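Asks: To start, I am sharing the structure in question, which I have written as structure tokens.
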Amino acid sequence: MKIADLMTLLDHHVPFSTAESWDNVGLLIGDGDVEVTGVLTALDCTLEVVNEAIEKGYNTIISHHPLIFKGVTSLKANGYGLIIRKLIQHDINLIAMHTNLDVNPYGVNMMLAKAMGLKNISIINNQQDVYYKVQTYIPKDNVGPFKDKLSENGLAQEGNYEYCFFESEGRGQFKPVGEANPTIGQIDKIEDVDEVKIEFMIDAYQKSRAEQLIKQYHPYETPVFDFIEIKQTSLYGLGVMAEVDNQMTLEDFAADIKSKLNIPSVRFVGESNQKIKRIAIIGGSGIGYEYQAVQQGADVFVTGDIKHHDALDAKIHGVNLIDINHYSEYVMKEGLKTLLMNWFNIEKINIDVEASTINTDPFQYI
């Protein structure tokens, strides 16, 4: 399996297009033509993680957090430059799966909920998928070759189906004028043509490509076409809602997940004895969604990186919070390893996958 094949597999299961626009995901360092010798999953790509990959003989690291994020202005032999230089020197490919893994139904938040032993887990804050229904009108004799070209270029696909078109027949009218150069008809004469309306669906990212291909392969000098926007609730969403088996107090639940996640500290906001049943989770840094979580029925909102003023606001408004620290996302190392092994087994791919043993939490606790 080459890196390009791995990227295709990852994009199929955890689409990079679902990442936030500000994010930097995908193949950050590497060569698509290189064969994969092994995959190491990591929360962060630190120098220690790179050394671990080298020791194992693995040439691919998949990290959750992008190493190249804010922009690199130099590649000196220190700091981030040292890490990047070592990756390149040892021909190690680096792939980032950040917010696309956050919003995935099997991603980080699902992994956290399962690690906490919760049940009835479902995605919240679902994204809106934007599609377009494309319709254009073409002379009957040109329909076949036109559809062939669109299909060859990846349009009119629905899941595992290609060449997904709908046709309806009718008559078109037009009159070429001025400097027109008509394929059919004569200048200043109204022309009636047996035409077919062709309809097909595309993803939002294919819109400009579809317009280009229609203009390129349509026989008319000035083809008529429409893009009709359609929005649907996506399977992807930032966060999950889940439940404990039996009601617990806020303090007991905080202590329970501290133990299950094996993290050194947990903070919480709210009355210690308040009963907890439904839990909303956004791993990493999810502040800003706590009030939506309450509106959706959560008794407590679990996330990391909670600042003082956000915590105070929540306390004043009676919103329960639990801060499990950003590093709690480390569960994705084993979680992504399991996903990769399952996908590889389905495709009959024999490549070693391991979760990094390196603790990349920058904090020390006393």
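Glycine residues also receive a Cβ, built from the backbone N, Cα and C atoms like all the rest.
So Swiss-Prot has the following annotated:
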BINDING   HIS64, ASP102, GLU329  Zn(2+) 1 binding site
BINDING   HIS65, HIS326, GLU329  Zn(2+) 2 binding site
Asks: Is it possible to get the count of other C-beta atoms within 10 angstroms of the C-beta of GLU329 (Zn(2+) 1 binding site)?
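Replies: That number is 24.
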Asks: Which residues, same chain and not among HIS64, ASP102, GLU329, have a CB within 8 angstroms of the centroid of the CB atoms at the recorded Zn(2+) 1 site?
Replies: LEU43, HIS65, HIS98, THR99, LEU101, GLY107, VAL108, GLY283, GLY284, MET332
Asks: Please report the DSSP secondary structure of ASP102 (Zn(2+) 1 binding site), reduced to three states.
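Replies: Looking at the DSSP assignment, ASP102 (Zn(2+) 1 binding site) belongs to a helix.
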Asks: Given the binding-site residues HIS64, HIS65, HIS326, which one is most crowded in terms of C-beta atoms within 10 angstroms?
Replies: HIS64
Asks: Round to a whole number and give the Cα-to-Cα distance in Å for the pair HIS64 (Zn(2+) 1 binding site) and HIS326 (Zn(2+) 2 binding site).
Replies: 12
Asks: Over all shown protein chains, what is the count of other CB atoms within 10 A of the CB belonging to ASP102 (Zn(2+) 1 binding site)?
Replies: 26
Asks: Cα-Cα, whole number of Å: GLU329 (Zn(2+) 1 binding site) versus HIS65 (Zn(2+) 2 binding site)?
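Replies: Cα to Cα, GLU329 (Zn(2+) 1 binding site) and HIS65 (Zn(2+) 2 binding site) are separated by 10 Å.
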Asks: Please report how many Å separate the Cα atom of ASP102 (Zn(2+) 1 binding site) from that of HIS65 (Zn(2+) 2 binding site), as a whole number.
Replies: 11
